[in-house]
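Encoded as structure tokens, the structure appears first; notes follow it.
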Amino acid sequence: MRKNKVDIITLGCSKNLVDSEQLMRQFVANGYTVEHDPHKINGEIVVVNTCGFIGDAQEESINMILELGEQKQKGRIGKLFVMGCLSERFLKDLEKELPEVDRFYGKFNWKELISDLGKSYHQELATDRVLTTPRHYAYVKIGEGCNRTCSYCSIPIITGAYQSRPMDEIVDEVRGLVAQGVKEFQMIAQDLTFYGLDRYKRMALPELVERVSDIPGVEWIRLHYGYPSHFPYDLLPVMRERDNVCKYMDIALQHISDPMLKMMRRNITKAETYELLERMRREVPGIHLRTTLMVGHPGETEQDFEELIRFVKDIRFERMGAFAYSHEEGTYAYQHYKDEIPQEVKQDRLDYLMRVQEGISADVNASKVGQTFRVIVDREEEDFYVGRTQYDSPEVDPEILISKDTPLSPGSFYQVKVIDAQAFDLYGKVLN
């Protein structure tokens, strides 16, 4: 066990990662060494930042806590703290079932952890972070919470109503990250498109993107987690006309069948969804659309699922993720619907949907062979440099594997010609 060392383990989404990075900065300001690697845990203090969104994520968080509890009992770590969405949602149950944890913190009161250790919370460092990502990109959280009332979703239960961060504060944070060498910014929130409605009484995302785009040194801005209902169409010309705003939009649609959209309480119709997607592709030529879909929601019939498959084949999303419905306590669906679709049926539908998407992804990637793209290099591996185009977000999208004919520097941009493609990877060579 290393004295004055803190290990922080982050589970779940990139929004959690930002919270962990801010906590790490506070520990550093108080003289601690911090590490963010689950394979090197030996600190005097270990903090687990949990996810509580759906059953699988909850199970992963609990298993991690139990594993660390065993390490604590063996004397390999000192104090064990838990924070984040799981403990925000199930605090009393966790306190009862996991006595090996020294204290639980929620999603918003984790700042108390510092003072509970007898240390000082530095308010002037509130938005400063220790980056756990490669130094050339960072996630920037522009809001917290959600005002939507989707039937299946526990996020509003955990995080409460939407709270937009002040625009000036976000701009200052980006300037500070640019000064540290960050070039690429993933703008994130549970619902990007709601940004500003609470604080400024208007949809302010287009203005925010313009202001961040104007900052010298910002090479790429990528937008994650838009909501399709009442989409701010003023964003599209910003995306089209500004070179450093990636032609990329991550917008979770969940389904296309009108009966399912109504049961899910999505406040959008099939026709409106098609209109949105067609307008995005028309107004931003070359845009890559990423979406998330759900199968197995209560009430989903075979006809609904077949309609979803036809939709995916028709739209041909460049990027797509999917998951099976999870019956989450406290949600509208939990209170009003029966979780009647067998788990094996959910899994079969999910597997089939992803096989369809794999074929589409293979076609999308194959169409890029022979084209040249501006690529940022993320890292060097044994046989390749690994990079991404503007159409690829870290962790979730395809990467381009670049031959080692020429020495390259991670964090730098290069013109790369695609010479081969697979379903989830491209292969390329740097042009001199």
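Numbers run from 1 along the shown chain.
Just so you know, glycine gets a Cβ as well, placed from its N, Cα and C.
The [4Fe-4S] cluster 1 site in Swiss-Prot is built from Cys51, Cys85 plus one of Cys13, Cys146, namely Cys13. Residue counts for the domain 'MTTase N-terminal' (4-122) under DSSP (helix as H, G, I; strand as E, B; rest coil) come to 52 helix, 26 strand, 41 coil.
Cα-Cα distance from Cys146 ([4Fe-4S] cluster 2 binding site) to Cys85 ([4Fe-4S] cluster 1 binding site): 14 Å (rounded to the nearest whole number). Working note on the binding-site residues Cys13, Cys85, Cys146, Cys150, Cys153: by count of other C-beta atoms within 10 Å of each C-beta, Cys85 ranks first. Helix, strand and coil counts from DSSP across the domain 'TRAM' (366-432) read 1 helix, 32 strand, 34 coil. Model confidence over the domain 'MTTase N-terminal' (4-122) is summarised by a mean pLDDT of 90.
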